[in-house]
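*Asks:* The structure's right below; bear with me while I get my questions together.
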């Protein structure tokens with residue numbers, strides 16, 4: 001039976017030599033012995049303040065992202081004389097930008113706040129929005145235990161689906177404003193952009209860079225917030241030098257590439273369906289303004305499936321990846337309905353489109369896999385960057401299959417989206433098999449993980465080792 005080291009080095013016990021921020025040091029983290037009630041109070045405060053801050057930001061960002069698709073129903077393409085694939089590239093350029101790198105190089109809270117405020121053009125919207133998901137993913141990993149993360153990832157991503165649910169209604173209202181001074185698509189961008197930029201100031205003041213710097217927590221609550229996540233062993237406390245050895249290990253790790261290719265494959269569908277959903281809906285026979293209203297069932301379906309999936313993976317062990325597989329299969333069925341049903345079957349094809357977009361639930365689930373299963377701060381940043389590069393590349397490539405000559409049914413785009421989701425399903429099953437095999441291999445070599453003391457968990461956390469270097473680390477399925 002393997003025995004884990006449970007002793008801290010002397011330097012680790014000298015709290016004053018290791019300041020964590022806002023009058024908090026390692027000595028305080030080690031000294032505090034919170035009760036279960038105190039831990040619940042801190043968790044409750046995080047859920048009431050941090051998650052809504054992130055969720056509303058993601059709601060606003062996705063409203064801005066949807067605006068291009070909605071603006072096509074307000075004559076944007078005609079006014080700008082867009083020809084051929086120009087609209088596809090206008091939607092794809094959103095995903096060019098360096099934020100996946102910058103989010104791990106600057107204080108997370110402040111960088112996200114600035115990113116939310118950048119609204120000068122669609123490219124710069126992409127540069128800004130690209131920081132939101134990876135940044136919120138890192139923050140979730142810092143503030144929550146591994147088993148708590150899937151539900152919280154889904155909670156702030158909930159803003160995405162609320163935007164889908166009511167975004168069409170908001171656009172419909174703007175489209176009914178009686179004005180000839182400015183085009184309605186311009187008015188849509190101006191109103192949404194102003195609200196989002198203003199909220200960026202709120203985030204700059206409120207969003208913390210780490211648990212030790214959370215202004216909405218008292219000093220003892222910050223110590224509890226740090227201590228309660230030590231068992232994650234994922235190195236989120238490390239703020240030191242980038243370790244190239246961890247970067248190399250990330251490139252050699254099978255889970256890295258399974259996560260990357262899954263992200264690319266699913267993003268083929270995401271890029272096209274997000275940008276062309278309004279046009280596809282109008283193609284079912286709805287008027288332009290009614291097509292905006294008819295997007296509401298898509299948001300409602302996403303919310304329902306998100307709630308079911310989040311509750312399931314929270315209370316049923318080892319169900320996260322299998323739940324993602326089920327969601328992917330539902331979206332594949334939806335795309336098949338769009339592809340195969342008679343063009344005159346308005347209701348059936350609308351049901352198909354509503355089911356097709358529920359794949360988006362897998363995005364926060366994929367993010368939670370990184371925060372819970374990738375240890376080592378440098379390795380985590382590399383894996384996160386690679387995953388979001390794949391996400392962006394998939395979203396750039398996806399719209400190119402939606403050919404202008406095939407508007408509004410886009411059969412090539414629908415088949416490409418379906419192919420991407422089928423590949424995603426295959427890669428998810430491979431990832432599940434790999435994690436299962438690796439966990440069993442470690443159990444054979446080291447035995448089942450034993451209950452570790454706070455000191456031992458702190459040592460693992462401060463050592464900034466990777467998941468492949470910590471014998472007691474087991475992958476969450």
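Easy rule for this one: first residue shown is 1, then count along the chain.
Cβ coordinates are placed from backbone N, Cα and C, and glycine is handled just like the others.
What TrEMBL shows for this protein is this:
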- 48-67: transmembrane segment (TRANSMEM)
- 87-104: transmembrane segment (TRANSMEM)
- 111-136: transmembrane segment (TRANSMEM)
- 156-175: transmembrane segment (TRANSMEM)
- 187-207: transmembrane segment (TRANSMEM)
- 299-316: transmembrane segment (TRANSMEM)
- 321-339: transmembrane segment (TRANSMEM)
- 351-370: transmembrane segment (TRANSMEM)
- 382-404: transmembrane segment (TRANSMEM)
- 416-435: transmembrane segment (TRANSMEM)
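Describe the structural context of each listed feature in the structure shown, including burial, neighbouring residues and relevant distances.
*Replies:* For the transmembrane segment (48-67), the residues of the chain that approach it from at least six positions outside its boundaries are 94, 112, 116, 119, 125, 129, 132-133, 136, 139, 143, 152, 155-160, 162-164, 167, 170-171, 188-189, 192-193, 195-196, 199, 202-203, 206-208, 214, 216, 274, judged by C-beta separation under 8 angstroms.
Beyond its flanks by at least six residues, the transmembrane segment (299-316) meets 147, 150-151, 154-155, 157-158, 160-167, 323-324, 327, 330, 354-355, 357-358, 360-361, 365 of its own chain at Cβ-Cβ distances under 8 Å.
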*Asks:* Could you give the residue numbers and ranges of same-chain residues that sit at least 6 residues beyond the transmembrane segment (156-175) on either side and whose C-beta is under 8 angstroms from one of its C-beta atoms?
*Replies:* 51, 54-63, 66-67, 70, 73-74, 136, 140, 184, 187-188, 191-192, 288-289, 291-296, 298-300, 302-303, 306, 357, 360, 363-364, 367
